[in-house]
């Protein structure tokens, strides 16, 4: 138990406190030292240790600054019994070097800083900067808090204050607030807030008070948060069948809070802008879409922090290495809660996040395991990654549910929370509450054995299906997915074996040409009926009492991280057949526990496509032999509805991953062509990313025009779905999940010359009023850029003169001007623009000019002038620009170098310096291989693809 009394708790960035820590030794010990965490900003004034009311003598007190520890050396070892460790201390707050307290500051009295308000955020290891403690999540204690403060300020903590019965002395400037005792909880969840707040109040259905604290001027922007918070708490109580255990729920809209939200138990702190929203007063469709998505965005954040009140606060992971027990469950329940009213948006955001996870875990520098050793504070801090922790944890919780059934999962979660309430746990405790076996196919596997590899292995698995089309045999293998293995330009051509399949013919460069005879006799089959989940039952909940002995035993349990391997137990599902036939579609399920398995399936015709992981149920990549890829592509072209929309999303991602940089990029190009018939908005949003990247890769080649012509019906369909989505607000809000997709579509439709670009109209409009934006800025600027690029300087002289004059502006106006000027062909304007850009001495500005947000066009003249201006910089400036002397290349430097599109441009850059250093030399080698590959396939298989009669495909 901690007794915390703050005798000076005001706004002068200085706090004085007294702490009494109640300890118990369960037996005589050989230890003669007490260690605890102590931040560098805390100064101990007095210290006393008592046992059974008598003084227990200490020899020395030392600080170990590097480990943020305090050490009390005792004259005698600890004996069995109860102790009280008392300390008086003071500390400074709002120090940039010591985080944990976030302040809003004012300058007063000749620059003397005062805090107008502050809030605390102790996660993960910052409680030690506010009070001496054992700052580990597995150590739980109760807290009695007393605060003396100026009466004009409201002070909040995890529990409600105890009502003061003595009369208030209105002449007294100070008051004392005493808070109720907290339940057992970890130190990182303790929280304080002080400020001149006003409150908005409501209640949950069960009568728990919900209060939103904010500033008087911000009251109207908190309306949605006030209405939605009790709804989410009610839903969570209904879903978990465990009442929220505290007597109040406070939500604070804080200033200067550096994360979106923090789940302190009973005192949730949000960054103000994260939950502030003032809805429009009209019902215009665009404003309705904006309102819906902003409410969805705020609702997600509230749901996440609310879910933590059970997952993380009531039941806490014992060690930071198993942080997914907090964040994975919280993220999982966000999608569960938000699906009630925004099912389309919630489902799409999940799969969009899954795509980001699979992409990140396929790169060598991001293949992090979910459970891993975290030895330092910085490692713990960096583990809070939106993709590698939050999304991966959610995906594996969802996988767990799918393997045990929804009914059994819900029952197990309730059992887990009831059994472990107020305790600290490991994943072993989670498994103890779950069914022992996972159900998939004809065999059952131990659930722990299945999921352990997914928790501790780095990266994600990829499955490869190789079919023998002569004897009905199939081989399925697994390995850790590594992206560079599918970049053919990184391989030695002579060492790459060319695998040929029946009915294929090879080109001179080792690629495989299309053969339409592969698709003769296409047959389809039947889909089995799946077992339905059992209906859910409601149970009453009780919280078991917890003894000190059991808490001690929890802390004595050994920590178990587990060794990372590259072998998973994978639930394999594959499907074949057609919904059009009497047999329908057939589904097979089995476990893949070994590296490789081979088997036969006599029901599959050689002309049928096999699809692995239908409905994108599990988070592994899937590769196929070349012929099966062709069969899948042909299925998409003939009737894409034969393949589930979620599987179409995965096919787009996996085809790009395995095929786009291979010796067969034309197969990927052919597959993308089916999007001209895609009718599902969610799938098309994935398609926008894929098509945009393909055009961007080849935009500097002679095939650029042919590629744009090929994709014209695809881009037209994207345009059609955009217009169609405007009649349904929730569908339209999908564009706001990643707004950059809308900008990509604007660029593609202009590059393809579609009428919807409206370049003439927007150019005239912009010329008349260049600073008045009545519509989407990206839409208008992209159209003006296209007008500049597709016309001669004389034809757009008025616009060029306007841009020339605006190059003397500053800020956002200047940034927009250089982006537009870079689209021009006027050499005088381009030279002037290049000089203006380089004069900023800012690598990010250079990279932004080369990777325009408003154009898919490649302007070699502008690039030549820009690199010429950069060449005039001193060697010192160029060395700093490209960070050639650094051990790590700066992100802006890397983006700048990788914006190169041709070998000639790369050679021009190479001549800027004589010594590029070992790191950048590797980047040059990579880019040279990549650009030569682009040139090779452009003149090879892609040229042959466009020369062929595509009507036969």
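Here the Cβ of each residue, glycine as well, is placed from N, Cα and C on the backbone.
Every protein chain shown contributes to the tally, and the Cβ of residue 305 (active site, proton acceptor) ends up with 25 other Cβ atoms within 10 Å. The feature active site, proton acceptor is assigned by TrEMBL to 305.
Taken from TrEMBL, the feature Zn(2+) binding site covers 304, 308, 327. The Cβ of residue 308 (Zn(2+) binding site) lies under 8 Å from the Cβ of 263, 326, 330, each of these being in the same chain and 6 or more residues away along the sequence.
Marked as domain 'Aminopeptidase N-like N-terminal' by TrEMBL: 3-189.
Residues or ranges marked as domain 'Peptidase M1 membrane alanine aminopeptidase' in TrEMBL: 224-454.
Long-range C-beta contacts of residue 390 (site 'Transition state stabilizer'), restricted to its own chain and to partners at least six residues apart, with a cutoff below 8 Å, comprise 327, 328, 331. Per TrEMBL, the feature site 'Transition state stabilizer' maps to 390.
Note: the Zn(2+) site is recorded as 304, 308, 327; in the same chain, 263, 305, 307, 311, 312, 326, 329, 330, 331, 334, 390 also have Cβ atoms within 8 Å of that site's Cβ centroid. The C-beta environment of residue 304 (Zn(2+) binding site), restricted to residues of the same chain at least 6 apart in sequence and closer than 8 Å, consists of 261, 263, 330, 331, 334.
All protein chains included, residue 327 (Zn(2+) binding site) registers 27 other Cβ atoms within 10 Å of its own Cβ. Confidence in the domain 'Aminopeptidase N-like N-terminal' (3-189), given as mean pLDDT, stands at 83.
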